[in-house]
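Engineer: Got these off TrEMBL a minute ago, pasting:
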type: BINDING; residues: Gly261, Gly262, Pro263, Gly264, Thr265, Gly266, Lys267, Thr268; note: ATP binding site
type: DOMAIN; residues: 240-528; note: domain 'UvrD-like helicase ATP-binding'
Amino acid sequence: MNTGPTLRMLDRADKEVMALTRADKGAVYEFMHKFRHNPDNPGLKLKTLAGDTRLMSARVTRDYRALLLHIAARDYLLVAVRHRSEVYDDLSRYAYRINRVTGGIEVVDLEPVGDSIVGRVVPPEESPRPLFTDYTDAQLLELGVAEPLLPQIRALTTEAELLELLDRAPQLTTDVLFALYDGTRYEQVLEQVTKPVRADEPVDPEDYARAAERPATQVTSDDEALQAVLGDPFNRWQIFLHPTQRKLVERAYTGPARVGGGPGTGKTIVALHRVAHLARHLPPGSDKPILLTTFNRNLAADLRTRLTALGGQELTARVDIVNIDRLANRVVAEAKAGGGRRVVDDNQVPVLWAEFLVETAETGWDAEFLAAEWTQVILGQVLNSRTEYFKARRPNRGRSLTRVERDRIWQLTERFTTWLDGRGIWTWRQVAQRAARLEMDRTAPHAGEGSSGGFHRPRYRHVVVDEAQDLSAAHWKMLRAMVAAGPDDMFLTGDTHQRIYDNHVTLGSLGVNIRGRSSRLTLSYRTTRQILADALELMTGEVYDDLDGGAEDLAGYRSLLRGARPIFRGAGTWAEERELIVEQLNSWGSPTDGSVAICVPTRELANEVTARLVAEDISAVEIGADGPRRSDGVHVGTMHRFKGLEYQRMIIGGVSDGLVPRQAMSQYRDRDPKRYQRERQRDRSLLFVAATRARDELAVFWHGTPSPFLTSRLVQRPLP
Ligand SMILES: Nc1ncnc2c1ncn2[C@@H]1O[C@H](COP(=O)(O)OP(=O)(O)OP(=O)(O)O)[C@@H](O)[C@H]1O
């Protein structure tokens, strides 16, 4: 066992270290190394500082000193790196305390806000109303606000003062005060902000060693993590998880668990850390007992890159990273069940049905209806026999069917698949269904009984799924069969508000029982409050599910980032709208470093935007199925392509009536209202996904009549 001294870095200190020159950063790394080897090394000049008996200083370089918190016999935390002339200046400015709610160590900056608002004398008749006067001290403390900051909080009267205080307040204090300031009710803040980070045990405010171990104390763990902090480029997410995120990552679950949450709340980050956490507990080996899957190819490629950044090659080597359709295809190929057929895209299905009906002179059926019935009910639920189809539930399918009709449809679908076979093609949905069947048969307890086959072990020990909202029932059945039911078997992250493929499932009915193991992240790390508020407004009036038959909302979804309000602007014609796009790019200085993207509803519009940019000599780069073709340029793509991406600035164009949502769906309005509702919801989600890709700035344009998803408040907003 390693009994050497430990020295970890608190997340506040890393920000100071990042501001140092490269050489000084290196010196900090060296220092930490030396310290761990022997803290008593006289060259380190370790000494206790007055003021706080736990606080010590040590020499990093001639000019810099490390401030250390001595938390147990040979256990230290690096809490700050200061110039030697400043070490003694600020001793009373910072308090290093254990938060009584989270049990984590916090750095509390006691410097007054503005021109010393504490104790400021204002004539009573002019005194503005303090911001948090509606809450008692006890209530604020119950929410987890840092106690030493109460006098300052009491004196806050303007947003500017609040922002100044929150810039340097501990995480939970910031979260809580922002939520209250935003008008969230006390009980909701308690439930949504405080409860997820509350310590699971009573907190001893003097036990620093225990506090350092809690998820609420954000510290680096080992040398490698430290090197990542010090090295360039640096990604904070690799090291410092939000306490809520960390809890979800490290928790032991008794079965499948699901993490939901709005865009940018770190679901993917949590999925990646979860994989790393699970991998750390694997017995040594060279196999791949963990599956990490997501919806499409470019997201899978991105997961691979980020997992390697997080845990290195060794970790990635233990993880099978593959997008869900490719995984299904692999299963089918392995069983040689593909028969050399070519896979065609699922959006071809209605066209193929129409051709089939013409060729076989079948009348009385609507190709669209049959395509949807086959896709969603028969393939979607992995139905294998006519009897199963007779018994199947057909949620969201509009009109009901008699037994005779079902019998006829079943026959038609059988003939249709034979017809496809004859053409040497099949669809991704068919592949998924076949793969699910194969996996279920392979691992069924009675499989191969009495034969040479016997019972096969499931493929994986753990399955982690990102973008879970877009997987189909067949995908889930396949995954369920790939991992034995038990502790930590499946971990899913996803947001149903971002569902952009027509896959509605109830996980419980597919053997994936997440009841009681479902959590939600609510703090956006990506988008500003301004963008988030408008994006949420686009979702007005829609109801979303929780993947398990219940409803889910985005209550508590918030951001601590702030920026300009998004721009909403209409043009008379599409040609004029393209001028607006160019104008907007120019006003941003036309950066072509890949930080700006333009998103439109259709391929044609994307091509026309690209042509317009080229005419302006702006380098336009298409976002294809595998992501942007190059990392530089201005990225241009259709809404579907933006899933999982992130840009500093975004323009969403063509947000016009008839395009968003697509005109074509109006045919279902009376004929199949449920389908109409579903398709409309999907187009709304596409717009929501697009809007929440923007980090700092967002501009939404339309021509003619604006999309009905844009509320009048947004459409009429004056330009800045
Ligand atoms: N703990 C963290 N520290 C720093 N950055 C973080 C943290 N968690 C998330 N982020 C950053 O926030 C952004 C969004 O994270 P991520 O992509 O995981 O969110 P998501 O919930 O999966 O989003 P979406 O649903 O929109 O795909 C990323 O840039 C990520 O690096």
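Just so it is clear, glycine is given a Cβ too, placed from its N, Cα and C backbone atoms.
Any idea what these are sitting next to in the structure?
Structural biologist: Counting every protein chain shown, the Cβ of Gly262 (ATP binding site) has 29 other Cβ atoms within 10 Å.
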Engineer: Counting Cβ neighbours within 10 Å across all chains shown, tell me which of the binding-site residues Thr265, Thr268 comes out on top.
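Structural biologist: Checking each of Thr265, Thr268, the winner is Thr265.
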Engineer: Under 6 Å from ligand 1 by C-beta, which of these binding-site residues make it: Gly262, Gly266, Lys267? Sequence order, please.
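Structural biologist: Those binding-site residues that pass the cut-off, since their Cβ is under 6 Å from ligand 1, are Gly266, Lys267.
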Engineer: Around Gly266 (ATP binding site), how many other CB atoms lie within 10 A of its CB?
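Structural biologist: A 10 Å sphere around the Cβ of Gly266 (ATP binding site) contains 23 other Cβ atoms.
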Engineer: So which one is it: of the binding-site residues Gly261, Pro263, Gly264, which has the fewest other Cβ atoms within 10 Å?
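Structural biologist: Each of the binding-site residues Gly261, Pro263, Gly264 was scored; lowest Cβ tally within 10 Å is Pro263.
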